[in-house]
Structure formats: C-alpha cells, structure tokens
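**Student:** Structure incoming, see below.
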Amino acid sequence: MIHAYWLKKLTALLECMAEWLTEGWTVLIPKDPQKRLSPSNDWPITLTTTTEKNEIVNKHNTLRGNVQPTASNMLKMVKLRTTAQRWANTCSMKHSPASDRVISTSSCGENLYMSSFQNTWSNAIQSWYDEVKDFSYGVGSINGGVVGHYTQVVWYRSNQIGCAMAYCPNSAYKYFYVCHYCPPYLINKANLKLLSPHQLNAYYVLYAFLSLAANPCPFSDKYSNCPQLKQQWGCNNPTVASWCPASCKCTNQII
C-alpha cells in the first residue's frame with residue numbers, strides 16, 4: 001500500500017509531467033526511474049501543480065487589487081512560462097543574473113523565498129507583501145527596512161508571472177521558491193517610481209476594491225526616461241524607437 005504522503009507526491013508529479021508534455025513546463029525527475037520519490041542527490045524536483053499556479057496568480061491579483069491607497073492603473077497578472085523553474089533547480093539561494101530572466105518582450109524582476117520546511121505559495125507571497133508595514137506611498141521605506149519584495153509584488157506594470165519551487169536537500173534551507181515578474185519594476189529616483197509603484201485612484205476613498213486593468217502594452221521600454229526621449233527626439237529616431245517600443249507603439253494601453 002502506498003503511503004498517503006507519497007501518493008500525493010506521485011499524483012503531483014504525474015500532473016506536472018502531463019502539463020509539461022502539453023505546455024512546455026520543465027520537470028526534473030530522479031535519474032533512476034526505479035528509485036522512490038525521496039530526498040537524494042538526484043534532486044531538486046519541482047512539484048508546482050496547476051492548482052498551485054492558479055493559487056500564485058490569484059494571490060497576487062488579490063493583493064494587488066487591495067493596495068492602499070487604491071491604484072488606478074494596476075494590471076491584472078496572468079501565468080507565464082519563465083526561467084524561474086530552471087533557476088529554482090540550481091538551489092543557489094541567491095538572485096539569478098538579470099540576463100537569465102528575459103522573455104521575448106521584456107526583462108523580468110525576481111522575488112525569492114527560502115524555507116526549512118515546505119510552505120504554501122500563498123504564505124510565501126504574503127511574506128513579500130508584508131513588507132508593506134515598512135512602506136509609505138510616495139516615501140518608500142519609512143525605517144530603513146527592506147521593501148523591494150513588496151514593491152515588486154504591487155508594481156503596476158508587472159502583468160505576467162511565473163514561479164517555481166525546488167527541494168534542495170544539501171542546503172540549509174531545503175525549499176527554494178522563485179517568482180519572475182515581467183516586466184520588472186523600474187527604479188527611477190527622478191520620478192519616484194520605486195517609491196510610488198502605482199498611480200493613485202482619485203476616487204479611492206469611495207471604493208473598497210479595484211477592478212484590475214487588463215489592457216497592458218505588449219512592449220516594454222528599456223529605460224525609465226523613455227517618455228522624455230520620445231518628446232525630445234521623436235519615435236522616428238531609430239535609437240528612440242529601439243529603446244522605447246512601449247512609449248512609441250502604445251497610445252491607449254497601460255505602459
């Protein structure tokens with residue numbers, strides 16, 4: 001008789017393998033198929049099920065939809081196939097090089113979570129968001145505390161997300177969670193974009209919830225001063241057109 005724990009793991013693995021065959025998600029399995037699913041040097045093995053992927057997207061959208069002050073330009077997140085899976089499997093417990101998290105339309109930001117036990121995705125994401133206690137809109141960190149994970153979770157322009165978890169038996173923290181956010185938040189001290197990760201809804205006092213926007217620009221500017229470059233040089237300038245495709249091509253979509 002198969003123990004309930006291993007039955008759950010096997011079911012999750014089969015679900016991941018089925019999705020990998022149809023959608024292209026990466027799944028690592030033990031080198032020896034006769035081995036039982038247990039910690040070994042053949043790991044990491046990732047067991048991010050379809051249910052968990054939906055949980056990840058829904059948790060982010062719930063948190064993003066309830067930011068205070070309420071946002072007027074917050075984009076709704078959708079699932080994305082990213083390099084998060086590959087990086088989680090390195091068990092490096094550190095951030096990946098920026099060049100390793102690039103998709104066809106933009107670069108991507110990254111949040112990491114490490115745990116000595118297997119936690120839920122909702123708890124991992126909530127831990128990033130909870131940095132809000134050290135954050136003030138328009139000010140940034142109010143006490144020197146880290147707020148970068150929070151600002152990435154609620155960065156209005158990040159509308160695609162891909163996450164992965166790996167079991168890392170040889171690490172002090174056994175579970176390595178990675179989320180990639182595309183596009184990433186932009187740090188621009190001149191216009192305080194990091195300090196203000198979204199635009200205020202002028203009527204936020206009247207509304208308890210926000211209907212997340214679903215009209216993102218499919219392109220991403222390489223630099224945060226692209227609006228100024230567009231105004232000064234125009235999009236007929238080949239350099240501006242190359243560096244600032246969002247500013248040049250999107251007029252009625254959220255950039």
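Note: Cβ is positioned from N, Cα and C throughout, glycine not excepted.
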**Student:** According to the record in TrEMBL, which candidate from CYS226, CYS244, CYS248 pairs with CYS235 in a disulphide?
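**Tutor:** According to the record, the bonded cysteine is CYS248.
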**Student:** If you have TrEMBL open, could you say which of CYS244, CYS250 makes the disulfide with CYS226?
**Tutor:** CYS244
**Student:** What is the separation, in Å, between the Cα atoms of CYS248 (disulfide bond) and CYS226 (disulfide bond)?
**Tutor:** 9
**Student:** Other than its own, how many Cβ atoms are within 10 Å of the Cβ belonging to CYS235 (disulfide bond)?
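**Tutor:** Total other Cβ atoms inside 10 Å, all chains included: 15.
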**Student:** What is the number of residues in the domain 'ShKT' (217-250) that are helix, strand and coil, as DSSP sees it?
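**Tutor:** Grouping H, G, I as helix and E, B as strand yields 19 helix, 0 strand, 15 coil.
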**Student:** Within 10 Å of its Cβ, which one of these disulfide-bonded residues (CYS226, CYS244, CYS248) has the largest number of other Cβ atoms?
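**Tutor:** That would be CYS244, with the highest Cβ count within 10 Å.
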